[in-house]
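Per Swiss-Prot, ATP binding site is recorded for Thr11, Thr12, Thr13, Gly19, Asn20, Gly157, Arg158, Asp159, Leu196, Lys203, Met204, Ser205, Lys206, Ser207. Taken from Swiss-Prot, the feature L-tryptophan binding site applies to Asp145, supported by sequence analysis. Annotation source Swiss-Prot lists motif ''HIGH' region' at 12-20, citing sequence analysis. Sequence annotations record features per position, and here Swiss-Prot assigns motif ''KMSKS' region' to 203-207.
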Amino acid sequence: MSKKRVLTGVTTTGIPHLGNYVGAIRPAVRAAQNLDTESFLFLADYHGIIKCHEPEMIHQSTQAVAATWLACGLDPERTTFYRQSDTPEVMELNWILTCITAKGLMNRAHAYKAAVQANAENGQEDPDFGVEMGLFSYPILMTADILMFNANEVPVGRDQIQHVEMARDIAGRFNHRFRELFTLPEVKIDENVELLVGLDGRKMSKSYGNTIPLWENDKKTQKSVNKIITNMKEPGEPKQPDESPLFEIYKAFSTPSETVEFTKMLADGLAWGEAKKLLAAKINAELAEPRERYNELTADPSQIEEILQAGAAKARKEARELLDKVRDAVGIRPLK
């Protein structure tokens, strides 16, 4: 029985925070340990430059994201871990797929439609004002990322479902027009994946400014946790889990029995200040070893580069084999 292929891409436009760890990194690392799964994880730096035009940010984020995944337990021996820009076969496939993709399909992409709508609301006569081709056609690049390794499943958030559906559409069009070479990928949505709340109770997000950094030291983590909003109840007054986002964050770092005990402590009047100390201790305990590893990797980025180059060599070997078949299918062949 062949293994199921799962492919995940991570953009390189920021430094991962605690919400990324709980919602994406931790579950993905655990899933990659499944013996029935063949995992591919890539740093989507070409996707990153679609919106981010700051070279140093792209460069620094690539290092930080790679170090984060490795520090959090990603095993490059079990997962093909590579940088998108190190696999030129993906970009060649991107062009071939661009040549068979209907413009109307791209017109329906959510990101493009949102840009057009924003222009209309702002009174712009040109609906495409400010729209660059990277934004317009990036679903095709995402399709190339997926099809290059014939992934069976692509874990995505609900806002990304459309892109996997587009990948299926484009793969089907190629298979029908030329040759059956591509697997039709399936969306994978894990309903049990936690969406961590931030300091203010909304989803933890850089755009909200409510994040808890992942790689700060113990004291700074405590300072961040101290900013979690709470009500004015005094020590000794009973408190309910839904009265502060603190409880949901605590739950993400605790066993079910520990969560039950914490609920009881709140009901018995645990002071918010003490509750925050308990939470910070939980976070710091789980991240102690990953933080040490992260600091080692970022102090010597050549370690990261070596791992990425090894992953790229592995990825390219496989990509080349499929791309040769694709080129042959569309008529790009040696002259004999």
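For all residues, glycine too, the Cβ spot is worked out from N, Cα and C.
Predicted-model confidence for the motif ''HIGH' region' (12-20) is 91, expressed as mean pLDDT. Comparing CA positions across the binding-site residues Thr13, Leu196, Met204, Lys206, the one lying closest to Asp145 (L-tryptophan binding site) turns out to be Thr13.
Most buried of the binding-site residues Arg158, Lys206, judged by other Cβ atoms within 10 Å, is Lys206. Neighbour density for Thr13 (ATP binding site): within 10 A of its CB lie 20 other CB atoms from the protein chains shown.
For the binding site of ATP, formed by Thr11, Thr12, Thr13, Gly19, Asn20, Gly157, Arg158, Asp159, Leu196, Lys203, Met204, Ser205, Lys206, Ser207 according to the record, the largest Cα to Cα distance is 20 Å, rounded to a whole number. If you draw a 10 Å sphere around the CB of Leu196 (ATP binding site), it holds 22 other CB atoms from the protein chains shown. Neighbour counts of Cβ atoms within 10 Å were compared for the binding-site residues Thr11, Asn20, and the top value is held by Asn20. Long-range Cβ contacts of Met204 (ATP binding site) within its own chain (separation 6+, distance under 8 Å): His17, Leu18, Gly19, Leu195, Leu196, Val197, Gly198, Asn210, Thr211, Ile212.
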